[in-house]
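Visitor: In case it's useful when we look at the structure, here is the feature table from TrEMBL:
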- 12-39: transmembrane segment (TRANSMEM)
- 59-77: transmembrane segment (TRANSMEM)
- 84-103: transmembrane segment (TRANSMEM)
- 152-174: transmembrane segment (TRANSMEM)
- 181-199: transmembrane segment (TRANSMEM)
- 205-223: transmembrane segment (TRANSMEM)
- 230-248: transmembrane segment (TRANSMEM)
- 254-287: transmembrane segment (TRANSMEM)
- 299-320: transmembrane segment (TRANSMEM)
- 364-382: transmembrane segment (TRANSMEM)
- 422-448: transmembrane segment (TRANSMEM)
- 454-475: transmembrane segment (TRANSMEM)
């Protein structure tokens, strides 16, 4: 859906109000983190919204957290119509980040298993065949029990970062600071790359940066939560940004830059394998329009070679292998309705339980979705090559990441930052902004300040609603595809691509 930007720009005074009201919200979030965030203390055996509210500082932390979210969200939304500049966006985003940088983690406890995974790797234990309980890690009691025996599902690049943090730090707080520094590095890399991609696509770089990285979803989850998604995001955006333009001379420097783009994306895959999805779109950026198979093959070979060299090189240098690919299956132990196939399975289970049948069927829907993922990604790439402008290619790369999430067995809220970063290029002109806003608002309010996910407690009605939305979206998409295939009697090009308007 398209939201046209208002015709009248907001005056500077109102942008100033937005900046400082957002900062006030960020300060409230920082205080909430100290009172009841994902603190480095062991969790009780059972945690629920009720136990959080009844805990010490529970009411204060919850109220401050959600009030802070509302303030930051309102400020982010109000500023969208202002006369934004890249400098203003960067300064404002940095200002909003300050209270979160000096506060404990919010909304996730993932940084604690990161620390333990780094500890066991630094101790010479294979993190792909052992859980963090194998050392045992000094901070094992801070890790959620279900993940203590789980091997690391991350690539060698991130394990090298985790091992380096463990080697350089000796205390838990220093370790947390190390992972937050890695997240900051990834976000800075993304902040440099995203405006460059926007300019290449002919979009407003400031508005792209505002919608893609200054979103509260990034601050609360990637920065405060110190998720390794920040590093993955920064690396693959940098890879896309350095991909050479097809109009420039194809000398040795052009091909070296192409190999560097592949290497950056390969390093991103070495953090999380999902980044591999963007590699074929980098090839389309490099060859330009019109699409030619003859031009694609050498470009694809150099890109892939750069990615493989970077990924294999870091893996060998770290003394690891590709065992993390097998460990990916363990991430499916989490059952949340944000994943459409999981929501379908949970809904069916709920319905058949009403007639006395108890059976877990969500695994079947997850398998079906994963089987569908490859042809869906191929179809998105194929559509991108039909109108091979830079804007179209980058938009479809974002759609491919969104499709990957939609068909994945597990979807955590911070995963949404991957596609949002690229879809923000189109949102800079108003297209798709409503979807980004909906995901941002909905995602932020699904997690408590200590990292407890409300999705677990809202499977009903969450799963049926997600299934209904998924069906509605697929029906709408099929109708758009059919309309697009109909010949235009006026001799025009027909309706716009559904991928371009979704």
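Positions of Cβ are set from backbone N, Cα and C atoms, glycine also.
Because TrEMBL annotations are produced automatically, they should be read as predictions rather than curated entries.
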Visitor: Taking the transmembrane segment (299-320) as reference, which of 59-77, 152-174, 205-223, 230-248, 454-475 has the most Cβ pairs under 8 angstroms?
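Guide: Comparing 59-77, 152-174, 205-223, 230-248, 454-475 against the transmembrane segment (299-320), the winner is 152-174.
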Visitor: Taking the transmembrane segment (422-448) as the first stretch and the transmembrane segment (454-475) as the second, find out whether 3 or more Cβ pairs fall under 8 Å, excluding pairs closer than 6 in sequence.
Guide: yes
Visitor: Between the transmembrane segment (152-174) and the transmembrane segment (205-223), are there at least three Cβ pairs closer than 8 Å, leaving out pairs fewer than 6 positions apart?
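Guide: Counting Cβ pairs under 8 Å (6 or more apart in sequence), the transmembrane segment (152-174) does not reach the transmembrane segment (205-223), since there are fewer than 3.
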Visitor: So which residues does the transmembrane segment (230-248) touch in its own chain, when a touch means Cβ under 8 Å and the partner is 6 or more beyond its ends?
Guide: 157-158, 161, 182-190, 192-194, 196-197, 200, 218, 222-223, 254, 257-258, 260-265, 267-268, 271-272, 274-275, 278, 281-282, 285-288, 394, 397, 417-418, 421-422
Visitor: Using a Cβ cut-off under 8 Å, which residues of the same chain at least 6 positions beyond either end of the transmembrane segment (84-103) come close to it?
Guide: 15, 18-19, 22-23, 25-27, 29-31, 33-34, 37, 72, 180, 184, 191, 195, 204-207, 209-210, 213-214, 219-220, 223-224
Visitor: At a threshold of under 8 Å on Cβ distances, which of 181-199, 205-223, 454-475 pairs most often with the transmembrane segment (59-77)?
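Guide: Counting Cβ pairs under 8 Å, the winner is 205-223.
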